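Swiss-Prot annotations:
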type	residues	note
BINDING	G13, P14, T15, A16, S17, G18, K19, T20	ATP binding site
BINDING	T15, A16, S17, G18, K19, T20	substrate binding site
REGION	42-45	region 'Interaction with substrate tRNA'
REGION	166-170	region 'Interaction with substrate tRNA'
REGION	251-256	region 'Interaction with substrate tRNA'
REGION	284-291	region 'Interaction with substrate tRNA'
SITE	T108	site 'Interaction with substrate tRNA'
SITE	R130	site 'Interaction with substrate tRNA'
Amino acid sequence: MPADHIPALALAGPTASGKTAAAFAIADALAPRLPVEIISVDSALVYSGMDIGTAKPTPAEQARVPHHLIDIRDPLQAYSAAEFVQDATRLIGEIRARGALPLLVGGTMLYFKALFDGIDDMPPADAAVRARLEAQAAAIGWSGMHAELARVDPPTAARLAPGDSQRIQRALEVWHVSGRPLSSFHTTKTVAASARPMSAASLFSLEPHDRAWLHGRIAERFHAMLAAGFLDEVLRLRARGDLHADLPSMRCVGYRQAWESLDGLYPMSSLPERGIAATRQLAKRQITWLRSMPERHSIACDAPDATAQLVQAVRARVWGGGA
């Protein structure tokens with residue numbers, strides 16, 4: 001298939017919906033005629049040293065099908081949606097040029113939205129400004145920082161909770177770097193539709209008909225992560241000495257709850273319950289976003305033949321119904 005005829009496809013779904021297994025099923029089904037390379041759409045998988053709590057594909061799995069955008073940042077570093085769009089767009093072109101199909105797989109809906117809809121031309125992260133804001137927050141607290149945000153950017157402050165330190169910090173950073181409120185960047189998109197690498201029409205989604213099915217899988221997976229040494233993984237990250245609870249990496253679901261327990265904010269015995277509850281809330285937000293995308297091709301991930309349905313739909317999209 002000529003490179004310019006190879007589509008880029010996306011597979012999204014809530015956490016624990018079976019995206020990884022489904023992606024391998026797609027790769028196996030297409031491999032005889034069209035190799036597949038996977039681009040991760042996951043804001044946690046970008047971080048090295050965070051393997052168990054992110055359900056990161058194993059080295060063997062990554063060797064089986066080429067993976068991209070995994071282990072590309074240290075947990076001390078930030079990785080923005082704008083950086084993701086830039087990296088994913090480049091990779092889509094490179095993978096097509098190799099005669100392979102780019103399959104974007106994950107559950108970070110902000111990244112998918114930025115890829116499909118375009119992204120505002122906001123200023124990049126500025127480490128020096130961020131450090132000054134963190135020092136200011138240490139002095140006056142995040143409620144004080146929220147009040148400062150309300151002074152310079154009332155619309156953004158109105159939609160953020162006073163404890164949402166990560167987003168408050170980013171909004172203030174944008175203000176200090178650009179002189180413009182974050183809310184002013186939300187009015188227009190700078191990337192024309194014709195320049196975007198793919199559209200939501202290329203999106204396949206895994207969505208459960210029965211939420212109880214997904215909740216059961218979430219609980220099972222969290223307990224399995226704990227049994228696999230997740231807490232030891234968080235202890236190793238803490239032992240570095242340069243990480244803290246307000247970093248984007250340490251605010252990932254599971255890591256945040258483990259860090260809080262290790263800080264003594266909650267009993268360690270409550271970690272499974274709190275981790276599972278936070279994961280369920282994440283899944284709810286992911287499903288809500290997916291249902292706002294009418295162009296998507298939705299597959300019931302709790303159906304007995306979910307994988308067969310997905311593979312058939314992908315085949316039809318790639319080859320127009322050919323086998």
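Here the Cβ of each residue, glycine as well, is placed from N, Cα and C on the backbone.
Where Swiss-Prot records a feature, it is marked here on the structure.
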{"residue": "G13", "record": "ATP binding site", "CB count, 10 Å": "25"}
{"residue": "P14", "record": "ATP binding site", "CB count, 10 Å": "29"}
{"residue": "T15", "record": "ATP binding site", "CB count, 10 Å": "22"}
{"residue": "A16", "record": "ATP binding site", "CB count, 10 Å": "24"}
{"residue": "S17", "record": "ATP binding site", "CB count, 10 Å": "28"}
{"residue": "G18", "record": "ATP binding site", "CB count, 10 Å": "20"}
{"residue": "K19", "record": "ATP binding site", "CB count, 10 Å": "22"}
{"residue": "T20", "record": "ATP binding site", "CB count, 10 Å": "17"}
{"residue": "T108", "record": "site 'Interaction with substrate tRNA'", "CB count, 10 Å": "19"}
{"residue": "R130", "record": "site 'Interaction with substrate tRNA'", "CB count, 10 Å": "17"}
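According to DSSP, P14 (ATP binding site) is assigned to coil rather than to any helix or strand. For the region 'Interaction with substrate tRNA' (251-256), the residues of the chain that approach it from at least six positions outside its boundaries are 15, 43-44, 47, 50, 53-54, 166, 222, 225, 230, 234, 237, 245, 275, 278-279, 282, judged by C-beta separation under 8 angstroms.
Taking the centroid of the Cβ atoms of T15, A16, S17, G18, K19, T20 as the substrate site, the other same-chain residues with Cβ within 8 Å of it are G13, P14, A21, A22, G107, L206, R217, C301. Taking the centroid of the Cβ atoms of G13, P14, T15, A16, S17, G18, K19, T20 as the ATP site, the other same-chain residues with Cβ within 8 Å of it are G107, L206, C301.
P14 (ATP binding site) sits 9 Å from T108 (site 'Interaction with substrate tRNA'), taking the C-alpha atoms as the reference points.
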